[in-house]
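S.K.: Quick paste of what TrEMBL says about this protein:
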- Lys18: active site (ACT_SITE)
- Asp144: active site (ACT_SITE)
- Pro102, Val103, Ala104, Gly105, Gly106, Met107, Ala108, Gly109, Gly110, Ser111, Ala112: ATP binding site (BINDING)
- 75-152: domain 'GHMP kinase N-terminal' (DOMAIN)
- 210-284: domain 'GHMP kinase C-terminal' (DOMAIN)
Amino acid sequence: MTSAPIVPGPVTVRVPAKVNLELLVGPRRDDGYHSLSSVYQALSLYDDVTVGEADEWGVSVSGTLAEGVPTDDDNIALRAARLVADRYDGEPVHVSIRKGIPVAGGMAGGSADAAATLVALDHLWDLGLDREELEEMAAELGSDVPFLVAGGTAMGSGRGEMLAPVLTRGTFHWVLALAEGGLSTPAVYAECDRLREGTDVPEPVATPALMAALRTGDPHELAPQLVNDLQDAAISLRPDLGEVLSDGMEFGALGGVVSGSGPTIAFLVEGTEAGIDLAVALTASGAVRDVRRASGPVHGAHVIHHRVD
Ligand code: ATP
């Protein structure tokens, strides 16, 4: 008697968003990138990415936040799939993305989908990739992609892709204020360069006080350490963000910072109760498009379902 061949069914990977607790932007390098010192934290706001074998390459996107995500070769998840296929002789796949991470919000949603696709294909094709191989392909796809594979809390240097884990204690609670529209990351960097023209910009180095605050697990210690060198540029392009920041602080946040290149603003709060209160107040103010609560650190891209028929 012959048994039916085992067909690897689609793999679903859950991947978090990130917030930058500290984003220090150094001088513009010759290759056009800026040297960065970034302390990332992975937050419990997720995209679910399902990758399965298909007759042709494709990508589809669902969820209330799906608007603005390309469904052609511009989608970074599809680029990730093709990269792995080129290296390991893979056949076409279809990538289905359920968006829970705001698009163009400074929370690395696209990078997250790329990270999830790498992890999904590692399982689907049973590649047995080690951490180094995954991180190397991730870095090729984008500066934030390696962190979304790793998760937790980490320090990134170079373009942000050279990672070192950071020791933290406990769980931090966040309220994310989502703004109308998005901000283009290159436009925010260009505005940052314009605002700093003529000033001497030092090489960025992570702040020891931030590391110490993370080790205490105390949000009161962490709040004053939140910093983002792109914040002035984001507010210069979107002055309404300055108002949302001051509203959030007035409504009881311990600290607030523009996430990455914006326009999402991340507010640190004392705990779950305080998070609910702030979310209600921000929603009632009408100054934001939507509000989400999240906590961190959480794990990076991880398989949540693998059907084998
Ligand atoms: P970052 O924080 O890394 O700068 P972001 O969160 O501001 O990124 P993304 O959500 O990654 O921004 O989207 C930026 C742009 O990338 C979108 O406007 C969209 O055109 C494009 N894009 C390509 N693939 C994806 C994807 N899978 N999900 C979201 N956006 C994507």
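Cβ from N, Cα, C; glycine included.
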S.K.: Cα of Ala104 (ATP binding site) to Cα of Asp144 (active site): how many Å, rounded?
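M.R.: About 14 Å separate the Cα atoms of these two residues.
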S.K.: Which value does the mean pLDDT take for the domain 'GHMP kinase N-terminal' (75-152) in this predicted structure?
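M.R.: So the average pLDDT across the domain 'GHMP kinase N-terminal' (75-152) works out to 96.
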S.K.: If we count other C-beta atoms within 10 Å, could you say which of the binding-site residues Pro102, Gly106 has the fewest?
M.R.: Pro102
S.K.: Hey, of the binding-site residues listed (Ala104, Ala108, Ala112), which one tops the CB count within 10 A?
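M.R.: Of the binding-site residues Ala104, Ala108, Ala112, the most buried by Cβ count within 10 Å is Ala112.
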S.K.: Take the Cβ of Gly110 (ATP binding site) and count every other Cβ within 10 Å, whichever protein chain it belongs to.
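M.R.: Taking every protein chain into account, the count is 27.
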S.K.: Can you see whether DSSP assigns Gly106 (ATP binding site) to helix, strand or coil?
M.R.: coil
S.K.: Translate the DSSP assignment of Ala112 (ATP binding site) into the three-state scheme.
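M.R.: Once the DSSP labels are grouped into three classes, Ala112 (ATP binding site) ends up as helix.
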S.K.: Can you list which of these recorded positions (Lys18, Pro102, Ala104, Gly110) have a Cβ closer than 6 Å to ligand 1?
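M.R.: List returned for ligand 1: Ala104, Gly110.
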S.K.: Does anything in the same chain, at least 6 positions from Asp144 (active site), have a Cβ under 8 Å from its Cβ, and if so what?
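M.R.: Spatial neighbours, sequence-distant, of Asp144 (active site): Lys18, Tyr40, Ala108, Ser111, Gly156, Gly160, Glu161.
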